[in-house]
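This report refers to the structure that appears directly beneath it.
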C-alpha cells in the first residue's frame with residue numbers, strides 16, 4: 001500500500017508539468033506570469049514536511065497517511081476548477097502541504113516497520129514514485145491529446161498578460177474548465193488517490209494496535225553519539241544530491257541545444273534517457289538492496305556520479321560521451337536518496353522530526369540550486385554551468401559520506417564493546433545463577449539427610465527408652481534367675497548399635513534382694 005501511495009504521489013507531482021500550459025490558459029495567464037505556482041507548491045511541501053515530522057510521532061501512521069492522501073485528492077479535484085492565478089497558487093500550496101506530509105510519513109513508516117532491514121522496501125517505495133512521475137506525462141497526453149494542448153499553448157502565448165489578468169478578475173473564483181480533458185486528467189489521479197486513502201483508513205481501523213507495537217520497538221533502537229551532527233551532514237548531503245539531480249534533469253535539454261549543438265529531438269532523447277535510466281535503476285535497486293548494504297550502494301553511486309560528471313565536463317561537446325555519461329549519471333543518481341535513508345537507520349533511530357529535517361534539506365536543494373544555476377546560465381551562456389554543478393555536487397557528496405561514516409561507526413564500536421561487556425555480565429550472572437541453583441540443591445539434600453538423621457536419632461531414643469523400661473521391670477522381680485540373666489542383657493545393651501554416642505547411657509545400679517548370695 002505504501003508503494004501504491006507513492007505511485008499516486010509521483011503522478012500528482014509530475015502531472016503539473018505536462019498540464020502547465022493548460023492551467024495557464026484556464027486562469028487566463030501566460031506561462032511567465034504563472035511560474036510562481038511552483039514556488040507556492042515548494043513552500044507548501046516544506047511546510048508539510050515539517051508538519052508531518054511532528055504529526056508522525058504522535059499520530060497513527062495509517063491515519064496520517066489516509067488524511068494526507070484525502071487532502072491530496074481534494075486538491076487534485078479543485079485545481080482544474082480554479083479560475084484565478086492567486087487561488088491556483090493557494091491551492092498548489094495546500095496541495096504541497098499534503099504531499100509533504102505523505103512523503104515524510106511514508107519514509108518514516110518504512111523505517112518503523114522494517115528498521116535497518118528495510119532497504120529493499122525503501123528502494124521499492126521510491127521506485128514507485130519514479131514510476132508515477134514517468135506515467136504522468138503519458139496520462140496527460142492521453143487525456144489532453146496533442147491537438148488540444150497545442151491550441152491551448154498557442155492561445156496562451158499570444159494573449160497579453162495584462163488583458164488576461166483583467167479578464168480573470170471579472171470571473172468567479174471557481175468554475176468548470178473550458179477544456180474538459182484537463183478536468184479528467186486530474187480527476188483520474190484524484191480518484192486513484194481517494195481509493196488508496198480509503199484502504200489506509202481501513203488499515204487504521206483494523207490494525208491500530210500494531211502502531212503502538214511498532215512505536216514501542218522503535219523506542220528501543222540505538223541512538224548514535226553524534227546524532228545531531230549526522231542529521232546536519234545528511235541535510236547537506238541530500239541538499240547537494242537532490243539539487244544536482246533536479247538541475248540536470250531540468251537543464252540538460254537547454255544545455256544540449258545551446259551548448260552541444262544538438263537538435264531538439266536529440267536533446268529530448270538525452271533528457272529521456274536520463275530519467276529512463278534513473279527509473280530503471282531504481283527498479284533494479286530493489287533486488288540489489290537484498291544482497292548489498294546501503295553504504296555499499298551509496299559508495300557505488302558516488303563513484304558512478306563522480307566519474308560520469310567528470311567525463312561530461314571533459315567532453316562536453318562530444319555527442320557520444322554525452323549519451324553514455326548521461327545514462328550512467330542517471331543510473332548513479334537513482335539509488336542515493338533511498339539508500340541514504342536506509343543507511344542512517346542502521347546507526348541511529350530516525351523519527352518523524354529527524355526524517356522531516358533531511359527531507360527539508362532535499363527540498364531546499366531542489367529549489368535553491370536550480371534557481372541559482374538558471375541565473376548563472378543566463379550570465380555565462382558559453383560555460384557548461386549545469387555540468388560544473390553536477391561535478392561539484394558529486395565531489396561534495398563524495399566528501400560528506402566518508403565523514404558521515406566515520407561519525408556513525410566510531411560510537412558504534414564503543415557500543416559494541418559495551419554490548420559485549422553486558423553479554424559477559426549476563427553470562428556471569430547466568431553461571432552464578434547456576435551455581436546458586438546447585439548450592440540450593442546441595443542445601444536441600446543436606447536438609448533431607450539431616451531430617452533422616454533426626455528420624456534415626458528419634459528412633460534410637462525411642463528404642464533405648466523402651467529397652468530401659470523393659471529392663472527395669474524385669475529387675476524388680478525377686479528371682480535369682482532373672483538376676484543371673486541380667487548381666488548378659490546389660491552387656492548386650494551396652495554393646496548395642498543403637499548406642500550412638502549422642503545420648504549418654506547410664507549404667508544401671510546393682511540391686512540385691514535380701515537373703516540371696518552371689
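The backbone N, Cα and C atoms fix where each Cβ goes, glycine too.
Which of 221-241, 242-262, 263-283 counts as transmembrane segment depends on Swiss-Prot, and there it is 221-241. Record note: among 414-448, 449-483, 484-518, 414-448 is the stretch given as region 'Disordered' by Swiss-Prot. From the options 284-304, 347-367, the stretch Swiss-Prot describes as transmembrane segment is 347-367.
Swiss-Prot assigns the feature transmembrane segment to residues 107-127, out of the candidate ranges 107-127, 170-190.
With a threshold of 8 Å between CB atoms, the same-chain residues lying at least 6 positions outside the transmembrane segment (376-396) that come near it are 236, 240-241, 243-244, 247-248, 251-252, 254-255, 258-259, 302, 305-306, 309-310, 312-313, 316, 329, 369. The stretch from 19-39, 221-241, 307-327, 347-367 that makes the most Cβ contacts under 8 Å with the transmembrane segment (82-102) is 19-39. Most Cβ pairs under 8 Å to the transmembrane segment (107-127), among the stretches 19-39, 221-241, 347-367, belong to 347-367.
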